[in-house]
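The structure's right below; bear with me while I get my questions together.
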Amino acid sequence: MEPEAPAGQAPAAASKLSEAVGAALQDPRRQRRLVLVIVCVALFLDNMLYMVIVPIVPYYVHSASEKPTLTSKVCVTTLPPPTPANASADTVNTSESSTAAMPARSTAQPQYPTDNEDVKIGVLFASKAILQLLVNPLSGTFIDRMSYDLPLLMGLGVLFASTVMFAFAEDYATLFAARSLQGLGSAFADTSGIAMIADKYPEEPERSRALGLALAFISFGSLVAPPFGGFLHKFVGKTAPFLVLAMVSLLDALLLLVVVKPFSAAARARANLPVGTPIHRLMLDPYIAVVAGALTTCNIPLAFLEPTIATWMEHTMAASEWDAGIAWLPAFVPHVLGVYLTVRLAARYPHLQWLYGAFGLAVIGASSCLVPACRSFAPLVVSLCGLCFGIALVDTALLPTLAFLVDVRHVSVYGSVYAIADISYCVAYALGPIVAGHIVHSLGFEQLSLVMGLANLLYAPVLLLLRNVGRLKRSRSERDVLLDEPPQGLYDAVRLRERPLSDREGAPRSPSGPFDACEDDYDYYTRS
């Protein structure tokens, strides 16, 4: 009798497990933690796919150049693509060195890319950011109207299709289509994911902590992608890294379906809730414009240095491929340290977010100006670490500030405002692979670094215009007032504006700020 008991208890145990999982999914706190995991995996996946093709591109270029004619030149040396903050672009060269033993090297002499090949490679690397830049205004509006879960699912689906296309690409045209398709998926997945985090975590310091964790996943994905892709490509096959990433995207999409249920009746009801402020009106908000300018300015040095610094190291300090490859690797540690430090400071002094961002811009500017002065490997690594540390300060301080500005000045719907943030990033990374090389050939690497450093140093005082943002008070949501329950996210946190000051007629108004002179024009455009 006793041996039969475990068999009889198996269905009951499975039922209890199912009930426990269902109860865990219904708990708001556990659900938003699972949502955070889903979003972090999606961001990690996007940046893995962004960088994993770097060590594999020489193989595709060689294959494509051999197909038309047997006497065509073999192009193996390429410009590295732009990567997100803290990503190791020169890690690319480490992975590229692993491709040096490919059979193609034994059949032809390696040659530097021609001008035409340089342009093709630069356009390939920039195509993702260019398409993402074009789609973001539309995706932000779509996310505001459809909530965050369905666009995130769509983005994961497009990333899955892009990854599979990469796996079986055989020519440049297919690579270009796959890279551009990734930009389309990123416009939905990245924007809706960050917006979902801001909505699920409406209060500080939890919001800054969650967004900081997302930035850490972005950094980690960009760092491990080149060695991951190079290793699997060399020892397993060219399709292996892409098929692994495709499986990860599929599993993440399935988890999203289980946890959030984007096709449920509750999801359809969310689509009927009031929509957020249109993206063109958010762009007219002077505070949001200042933040967007800071995000673009702080990422320009990284986007422009990555495609050019390897050649400069070779000419200046006779650096080998190994030296150029590991130059960016230590930068991951200060980037994570910058995220952690900003989150801790924001928890204690939330009204000083603008100061953390300004300090980060100053660090970026100083580091960028010091790069041309480095004549050995160690000082260069220190400068690059300072660059990534400053970018972490700016991103971690200003991304939550965008959500806060929407909370106190607009409707608490975050799709469009984070589409603006994504546009700010894409401007830098769309120009970097195409423009940086031409600037270096025309003006020189030293002049490029100095101009970018001075731009960051000059923009740092502009963040003083955000110093009064901390005086704006966040009010309780309608759900808090009526039901005395905490906001659950996904449009439950549509807040009432609470303004502590009054005008001459007794009507409430916002605290005075540096943009009071242009508020009348802003109100005119938002009413029209």
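Including glycine, each Cβ sits where the backbone N, Cα and C put it.
TrEMBL feature annotations, pasted as is:
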COMPBIAS  496-507  compositional bias 'Basic and acidic residues'
COMPBIAS  517-528  compositional bias 'Acidic residues'
DOMAIN    35-471  domain 'Major facilitator superfamily (MFS) profile'
REGION    85-112  region 'Disordered'
REGION    496-528  region 'Disordered'
TRANSMEM  34-61  transmembrane segment
TRANSMEM  150-169  transmembrane segment
TRANSMEM  210-228  transmembrane segment
TRANSMEM  240-260  transmembrane segment
TRANSMEM  287-305  transmembrane segment
TRANSMEM  325-347  transmembrane segment
TRANSMEM  354-373  transmembrane segment
TRANSMEM  379-405  transmembrane segment
TRANSMEM  417-436  transmembrane segment
TRANSMEM  448-466  transmembrane segment
What stretch in 287-305, 325-347, 354-373 has the biggest tally of Cβ pairs under 8 Å against the transmembrane segment (417-436)?
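Looking at each of 287-305, 325-347, 354-373 in turn, the most contacts to the transmembrane segment (417-436) are made by 287-305.
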Mark yes when the transmembrane segment (240-260) and the transmembrane segment (379-405) have three or more Cβ pairs under 8 Å (sequence separation 6 or more) and no when they do not.
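Answer no, regions not in contact.
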Among 210-228, 240-260, 354-373, point out the range having the most Cβ pairs under 8 angstroms from the transmembrane segment (325-347).
210-228
Within the same chain, where does the transmembrane segment (354-373) have neighbours whose Cβ lies under 8 angstroms from its own Cβ atoms, ignoring anything closer than 6 residues to its ends? I mean 6 or more beyond.
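For the transmembrane segment (354-373), the far contacts come to 294, 297-298, 301, 305, 309, 338, 342, 345-346, 379-380, 383-384, 386-387, 389-394, 396-398, 401, 445-446, 449-450, 452-461, 463-464, 466-467, 469-470.
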